[in-house]
Structures are given as C-alpha cells and as structure tokens.
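K.L.:
Can you keep this structure in mind? I'll have questions shortly.
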Amino acid sequence: MAFNDLLQQLGGIGRFQQIQVTLLLLPMLLMASHNTLQNFTAAIPTHHCRPPAEANLSKEGEAWLPRDRQGQPESCLQFTSPQQGPPFPNGTETDGVGATEPCTNGWIYDNSTFPSTIVTEWDLVCSHRVLRQLAQSLYMVGVLLGAIVFGHLADRLGRRKVLILNYLQIAVTGICAAFAPNFPIYCAFRLLSGMSIAGIILNSMTLNVEWMPIHTRAHVGTLIGYAYSLGQFLLAGVAYAVPHWRQLQLVVSVPFFAVFIYSWFFIESARWYSSSGRLDLTLRALQKVARINGKQEEGAKLNMEVLRASLQKELTMGKVQASAMELLRCPTLRRLFLCLSMLWFATSFAYYGLVMDLQGFGVSIYLIQVIFGAVDLPAKLVSFLVINSLGRRPAQMASLLLAGICILVNGMMPRDQSIVRTSLAVLGKGCLASSFNCIFLYTGEVYPTMIRAVVVLLPETMGQPLPDTVQDIKNRRRGKPKRQQQEQQKQMIPLQASAQEKNGP
C-alpha cells in the first residue's frame with residue numbers, strides 16, 4: 001500500500017490538507033442545526049382550548065376551561081358547557097361536575113418563549129401531536145436513504161461531485177421547507193434535507209480521511225466531531241436570537257449556498273481515482289496537491305510509470321467492479337458490516353432519543369442545548385486520547401458501555417429527581433458523542449476505498465493503512481505476516497527507481 005508514502009512525499013499535512021480540511025469543517029458547524037432543529041422549530045408552548053367565539057376570554061372564557069391538579073388549564077380538554085362558579089373549588093382538583101370534551105375551537109398558545117413554531121402554526125398538539133414526531137421521523141428516514149443513495153453514488157461518481165450536489169440540495173430544500181404552505185410539503189422537504197445531510201457527513205469524513213496520512217486520521221475525526229459540537233452552541237444562540245421557525249429555518253439553510261460555491265474548488269480523492277482505475281486523473285490530482293503544498297519538484301518526478309509501479313495493486317483491483325453487495329458476499333466484510341450496523345443503530349437510537357426531547361428535562365431548552373454541547377468537549381478529548389493511546393476498539397467499547405449504564409440508571413430514577421436525571425442524561429450524551437467520534441473514524445478505516453461510503457468483534461485499525469480493495473480486508477482478517485508486507489514494499493522500490501531512470505531526473 002504505497003499511497004500513504006506518496007502523500008508523505010507530497011507534503012504530508014501540507015497547505016492543501018489544511019485548507020481542504022478547514023473548508024470541509026465549516027459546513028459541519030451547521031449539521032447539528034439541522035439534525036436537532038425541531039427542538040426549536042417544533043417546540044410545544046403551553047396551550048389550552050380556545051373558548052367559543054362568543055365567550056369573553058377574561059371572564060366567560062374561564063368557565064369553559066377545566067383545571068389540572070396544579071390549577072392550570074387543561075391542555076386538551078374543555079367543558080361541554082360553561083360552568084357557573086369557580087371551576088376548581090379548592091384550587092387543586094378538577095371540577096367533577098361538568099362533562100368535558102376535546103377542544104373544538106382550536107387552541108390558545110403562550111407565545112412568550114416561542115412566538116411561532118410548526119406546532120402553533122398547524123396545531124400539532126393533543127390528538128395531532130403524533131404528527132410532530134412524524135416530521136422528525138421522516139427527516140431521519142431521509143438520513144437513512146441519503147446514506148444508502150449518496151454512499152453508493154460517491155463510490156461510483158466520486159466524493160467531490162456528490163458533496164457539491166448535497167450542498168446545493170440542503171440549501172434548496174432547507175429554504176423550501178421555510179416557505180412550506182402546509183405540513184405535508186414541509187415534511188417532504190425535511191426528508192430531502194435529511195438525505196443531503198447524510199451525504200455531507202459521510203463524504204466529508206471520507207474525503208478528509210483519504211487525503212490525510214495514517215498518523216493524522218484520528219486528529220481529523222476529532223476535529224470533525226468538535227465542529228459538530230460547536231454547532232450545538234451555535235444552534236442555541238441562533239435559535240434564541242431568531243425565535244420564529246420560518247426565519248430560523250432560513251438562517252441555518254442559506255449559508256450552504258456559499259459552501260456550494262467554494263466546494264467546486266475541492267480536489268477529488270486521488271485514492272478513489274486510483275481504485276477506479278483512472279491513473280491519469282490520479283496523477284493530475286497528486287501533482288495539483290504537490291503544487292499547493294510547495295512540493296513542485298516531488299510532483300514533477302511523478303509520472304504514469306511511477307504511479308503504475310507504486311499503485312499496481314489498486315489499478316489491478318480497479319478493473320474489478322466492486323459494489324455494496326460485497327458487504328454480503330464476502331464473509332469478512334459481512335461480519336464487519338453487521339458489527340458496524342449494530343454500532344450505528346445503538347449509538348444513533350440512544351443519541352437522538354436524548355437530544356430530541358430537550359423540553360422533557362424541565363429546564364430552559366436553550367440552557368440544556370448549551371449543556372449538551374459543552375459536555376462533548378471533554379468527552380471527545382478523552383475519546384481522542386484513548387483512540388491514540390489504546391486504539392479504536394477500547395474507545396468504542398468504553399463509550400458505549402458507559403452510555404448504556406447512564407441511560408439504564410436514568411430510567412430507574414424517580415421523575416421528581418430532575419437534577420440527577422438531567423446529570424445522567426448529560427453524561428450519557430457525552431459518552432454517545434464519543435462513540436460517534438470513534439465510529440465515524442472506524443467506518444472510514446475498516447471499509448475498502450471502493451465501498452467505503454457505507455464492537456468487540458471489530459479489528460483494531462490504529463496505525464493501519466486504509467484498505468483499498470476487498471482483498472486488503474481479507475488479508476487483514478487472516479493476519480497476513482508483516483514480513484510479507486515488508487518484502488512487497490521492497491519489491492516496489494526497484495520498480496519505482498527504474499521508472500524514474502527511464503524518464504530522467
């Protein structure tokens with residue numbers, strides 16, 4: 001596997017890597033804004049039934065409203081007829097005399113915290129509350145479909161082209177959702193937004209990893225994780241400053257037009273070019289990177305013969321059209337696929353179960369959003385240190401184990417212990433963020449290049465070259481002797497030297 005050596009010769013972590021990683025990190029700041037946007041755009045304010053139009057809201061209107069045990073108007077019930085006298089004689093009990101029915105004239109909302117949400121605009125409360133969850137569920141369906149569709153397209157068309165498409169798609173669909181005239185159209189555009197978000201996250205990680213030397217991959221994965229965490233702080237501030245849901249939807253979507261414009265300057269993965277058998281484009285990309293990194297001489301030494309000798313295996317395997325079906329055909333890949341699928345499901349299910357119910361913690365939704373973002377900072381630092389010192393597998397195991405313990409203990413705590421339950425949820429969320437940090441890196445390192453854009457049983461990948469072919473995975477699984485790998489590298493040296501002699505200095 002000579003590709004890592006080529007990257008080192010052309011500057012390693014040079015100016016190109018620094019610029020491209022930075023430009024890929026910037027849109028990651030807005031990923032959290034879209035993933036958890038409905039915490040704010042679909043927030044449920046305090047509400048009660050709207051009395052009949054002829055009722056006086058201050059006096060007669062009160063006679064239509066039954067009270068709960070705290071003396072507050074019931075959210076989803078009204079009296080069938082106005083009640084004479086105090087509706088709750090002792091101030092704590094609902095009047096047991098008057099019959100009640102569901103709200104028939106709509107609802108009145110407390111707009112002091114949330115002036116406008118999709119809930120207040122389309123009355124997604126009481127019997128229609130399930131539609132609020134449906135909107136977020138459809139968004140997550142979009143994320144799943146996007147991972148499948150755009151992952152496949154990225155392996156066929158390249159990471160850069162799919163990223164450009166995804167940036168345009170999230171900008172357009174996000175703005176269209178902001179102007180949606182009704183709830184079904186809003187849900188449709190949110191689903192399309194979820195698809196593009198999945199493509200951006202997967203291909204940003206893949207493009208970064210494939211252009212970075214081996215020893216820097218954990219650093220890149222951690223940077224991406226921190227960019228997402230900082231995006232949670234950004235969302236809290238923006239949502240507080242822009243409380244109207246349509247305006248907030250616009251604010252987090254319009255910046256992607258700028259990202260779409262500068263994404264045209266990205267350089268496609270040379271590793272993907274070589275695995276696709278495009279040696280001419282591989283050479284062009286590497287020479288371009290050499291110029292940006294100030295390594296013109298090293299770039300000038302590269303030619304077709306040198307690349308053909310260095311990347312002989314990639315070019316040979318590039319002629320074989322691999323597909324995502326290899327995940328099921330190859331026993332080794334099938335085992336990895338099942339393990340990673342369980343990891344993704346467990347981490348995502350628990351993570352979004354926590355972060356999508358911020359109103360359930362009983363504190364300011366803006367404060368809990370900031371706290372959830374803050375806990376990621378030390379959690380991901382610890383994860384980074386463990387990944388670099390002990391490896392990916394211990395980090396993945398420890399983060400999931402601790403997260404599971406926190407969630408289980410939280411579920412057994414009494415509901416009145418709000419401080420303890422919130423603390424456990426915050427700790428669990430930090431562990432799940434660490435798990436995401438590790439699993440993104442793991443997925444990029446464990447799959448071969450041609451199907452990359454798809455825990456105890458997983459292999460350790462720390463310090464290992466990225467696999468380019470399915471055969472690389474099989475060799476790693478069989479524990480191919482290190483001596484044999486070293487002899488293969490020695491055999492490549494005379495081939496490169498002879499190629500250089502033919503082409504002159």
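Glycine residues also receive a Cβ, built from the backbone N, Cα and C atoms like all the rest.
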K.L.:
Transmembrane segment per TrEMBL: which of the ranges 165-185, 396-416 is that?
P.N.:
165-185
K.L.:
Relative to the transmembrane segment (165-185), which of 134-153, 248-267, 336-354 accounts for the most Cβ pairs at distances under 8 Å?
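P.N.:
Result: 248-267.
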K.L.:
Using Cβ atoms and a strict cutoff of less than 8 Å, what residues sit near the transmembrane segment (134-153) while being 6 or more residues removed from its termini?
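P.N.:
For the transmembrane segment (134-153), the list is 38, 42, 118, 162, 165-166, 183, 186-187, 190-199, 202-203, 324, 352, 356, 453-454.
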K.L.:
In the compositional bias 'Polar residues' (72-83), how many residues does DSSP put in helix, strand and coil?
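P.N.:
Across the compositional bias 'Polar residues' (72-83), the residues distribute as 0 helix, 4 strand, 8 coil.
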K.L.:
In the same chain, which residue numbers or ranges, 6 or more beyond the ends of the transmembrane segment (223-242), come under 8 angstroms Cβ to Cβ?
P.N.:
21, 25-26, 28-33, 36-37, 39-40, 204-205, 208, 248, 251-252, 366, 369-370, 372-374, 376-377, 380, 383, 433, 436-437, 440
K.L.:
Taking every residue in the domain 'Major facilitator superfamily (MFS) profile' (91-505), what is their average pLDDT?
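P.N.:
A mean pLDDT of 80 is what the model gives the domain 'Major facilitator superfamily (MFS) profile' (91-505).
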